[in-house]
């Protein structure tokens with residue numbers, strides 16, 4: 001299986017993905033093997049249904065929101081490069097990356113990009129704000145029926161009240177960042193990928 005994965009991924013493609021995502025050659029090869037095993041249609045792309053077969057996503061209350069993050073607007077398939085680009089947001093920041101070239105593009109796994117990714121999970125209508133209704137939807141996904149609607153409403157109201165600095169009864173990206181400034185987002189939004 002590993003040899004099949006490496007033969008289908010051209011060296012030049014591997015180098016481009018490595019440069020773009022920061023993953024090592026062996027990580028890319030391993031993830032390519034995983035990608036091809038998920039690709040039930042064997043057409044070089046994954047569908048939402050392919051992702052829903054992943055047990056960790058199937059049981060995650062935000063699984064559908066995470067799956068949607070892999071698909072550009074209006075698309076229903078994702079190729080390997082798009083798959084890797086999204087996974088790169090979850091790659092831990094290595095010590096040697098903290099002093100990267102300031103003129104180069106910001107790494108996909110930077111604090112800022114991780115925060116943008118998390119914000120988009122909440123901003124369901126993509127209007128650059130998290131409304132009370134959007135916050136309620138996400139909270140409902142996370143807690144299910146274990147908490148009453150009244151309690152959830154109270155949590156949403158209190159969250160917005162604490163985060164909302166401009167009085168528009170919503171949370172902007174800037175306000176979202178401010179709320180999370182003391183949270184170790186780099187650690188909490190990281191998945192360990194084997195080398």
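For all residues, glycine too, the Cβ spot is worked out from N, Cα and C.
Quick caveat, the model's predicted, so the values are computed rather than measured.
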Range annotated as region 'Necessary for nuclear export signal' in Swiss-Prot, from 100-142, 143-185:
143-185
Are there residues at least 6 beyond the ends of the motif 'Nuclear export signal 2' (176-185) whose Cβ is under 8 Å from a Cβ of it, and what are they?
111, 114-115, 118-119, 122, 130, 162-163, 165
Across the domain 'EF-hand 4' (151-186), the model's average pLDDT, rounded to a whole number, is 95
What is the set of residues, excluding 164, 166, 168, 175, whose C-beta falls within 8 angstroms of the centroid of the C-beta atoms at the Ca(2+) 2 site?
129, 163, 165, 167, 169, 170, 171, 172
DSSP tally for the domain 'EF-hand 4' (151-186), helix/strand/coil in that order, comes to 22 helix, 2 strand, 12 coil
